[in-house]
Amino acid sequence: MKFLIFAFFGGVHLLSLCSGKAIYKNGISKRTFEEIKEEIASYGDVAKAIINLAVYGKAQNRSYERLALLVDTVGPRLSGSKNLEKAIQIMYQNLQQDELENVHLEPGRIPHWERGEESAVMLEPRIHKIAILGLGSSIGTPPEGITAEVLVVTSFDELQRRASEARGKIVVYNQPYINYSRTVQYRTQGAVEAAKVGALASLIRSVASFSIYSPHTGIQEYQDGVPRIPTACITVEDAEMMSRMASRGIRIVIQLKMGAKTYPDTDSFNTVAEITGSKYPEQVVLVSGHLDSWDVGQGAMDDGGGAFISWEALSLIKDLGLRPKRTLRLVLWTAEEQGGVGAFQYYQLHKVNISNYSLVMESDTGTFLPTGLQFTGSEKARAVMEEVMSLLQPLNVTQVLSHGEGTDINFWIKAGVPGASLLDDLYKYFFFHHSHGDTMTVMDPKQMNVAAAVWAVVSYVVADMEEMLPRS
């Protein structure tokens with residue numbers, strides 16, 4: 001790989017800004033926080049150079065265009081699918097062509113589920129085709145389907161109160177949308193709770209903050225000792241319509257057909273690339289997003305955007321001829337949508353070196369206009385991150401909020417490694433999440449430029465500071 005020896009922006013020699021004196025004695029920092037603040041402030045011109053390149057310079061729109069090429073070419077990338085395998089191989093080649101270092105694939109085993117053909121039709125009180133999306137890991141119905149009367153409930157509590165009515169029926173959940181973290185339990189646990197009271201299947205109102213007759217899929221979980229029943233999500237509109245019908249005392253009958261099957265686990269890979277550290281190469285700042293998606297839409301928002309701004313962060317740093325003291329590592333996870341399967345296998349493989357991880361970063365809540373970071377770590381680490389984020393004042397992206405957790409980095413965070421997630425405008429995120437609407441049309445190249453600049457500045461500065469982030 002070639003690195004630029006000199007890079008000038010506004011007459012400033014970037015590499016001179018990266019030099020730092022040794023501040024360790026017997027492994028203990030002797031610096032005051034004011035000295036740390038001064039060190040971070042010295043990266044101001046580096047941050048401006050990254051911002052200029054990403055937002056206004058030759059690299060603007062690059063992450064968007066790279067992403068569009070992949071998702072238009074490959075499409076959705078379900079765990080275990082040929083599409084995911086193809087995307088991984090394409091990204092492996094892309095990272096090599098980008099002249100990043102130590103590009104490699106780390107193998108693992110991941111779930112392989114396919115939805116097959118599926119349909120739902122209301123037979124009573126009138127004929128009405130119901131849009132559905134089967135949920136990940138659901139079983140299928142018999143070939144002839146399941147035809148049964150419907151019981152509509154709005155909560156698990158109501159289901160328990162009406163348990164005697166549920167046997168032999170299809171339970172329809174019309175739970176209100178509060179927020180994703182509180183409402184998603186109906187998607188993940190709806191089938192189990194319905195099966196406990198003798199239901200034949202469950203249909204769940206999509207976990208969406210807005211709907212234009214769009215079902216949203218996602219993972220669901222069975223429980224040992226509880227019968228497994230078919231389960232799918234339906235649109236907000238159909239859930240509300242059936243709730244209104246039921247409140248009038250009208251009998252509702254649905255025929256449900258699902259061809260879903262689970263196959264043996266299959267081979268897959270986490271995709272890795274680096275810029276090797278100049279002084280502490282064994283120490284790591286990790287940036288990441290997941291390459292897999294659900295099998296609807298294009299997986300552009302979830303999580304193509306996060307994966308591609310993570311790649312872009314390394315590209316920007318490489319293009320400026322910068323080499324941080326620590327290794328900056330990109331990981332594109334496999335099988336996140338099945339519960340962080342690829343990330344867990346990565347953690348199991350690398351946790352022996354956990355003391356060398358300074359910061360783990362994940363972007364998996366969209367790449368809309370960012371306002372800052374969500375961060376989990378010690379108070380001292382948070383104070384450092386607040387100073388780092390002040391470098392992004394030119395973009396007005398300076399917030400540091402709590403809860404930096406993400407599915408793929410939680411393993412590290414729970415073990416004490418500081419973690420960060422991109423904080424961006426989520427207003428429209430759950431309009432499109434896990435639906436046919438997750439396409440490149442959702443993405444905004446200018447917003448991706450800003451997100452990539454944030455990702456690059458934060459990862460570079462933390463990787464280049466003389467000290468790792470302090471832990472509790």
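Cβ coordinates are placed from backbone N, Cα and C, and glycine is handled just like the others.
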Study note, to complete from the structure: From candidates HIS216, HIS403, HIS434, Swiss-Prot puts in the same Zn(2+) 2 site as ASP302, GLU337 the residue HIS434
Point to revise | Length of the line joining the Cα atoms of ASN179 (N-linked glycosylation site) and GLU336 (active site, nucleophile), in Å | key: 21
Point to revise | Top Cα neighbour of ASN353 (N-linked glycosylation site) in the set of recorded positions GLU336, GLU337, ASP364, ASN396, HIS434 | key: GLU336
Exercise for review: For the recorded Zn(2+) 2 site, whose residues are ASP302, GLU337, HIS434, find every other residue on that chain with a C-beta no more than 8 angstroms from the centre of their C-beta atoms, and list them by sequence position.
Suggested key: THR217, GLY218, SER293, TRP294, GLY299, ASP303, HIS433, ASP438
Check your understanding: Apart from HIS290, ASP302, ASP364, which residues in this chain have a Cβ no more than 8 Å from the mean position of the Cβ atoms of those residues at the Zn(2+) 1 site?
Key -> GLY289, SER293, ASP303, GLY306, ALA307, GLU336, GLU337, SER363, THR365, THR407
Practice item. Would you kindly give the Cα-Cα distance separating GLU336 (active site, nucleophile) and ASP364 (Zn(2+) 1 binding site), rounded to the nearest Å? Key: 10
Check your understanding: Cβ distance under 8 Å to ASP302 (Zn(2+) 1 binding site), same chain, sequence separation 6 or more: which residues?
Key -> SER293, TRP294, ASP364, GLY366, PHE432, HIS433, HIS434, ASP438
Practice item. Give me the Cα-Cα distance between ASN61 (N-linked glycosylation site) and HIS290 (Zn(2+) 1 binding site), rounded to a whole Å. Key: 20
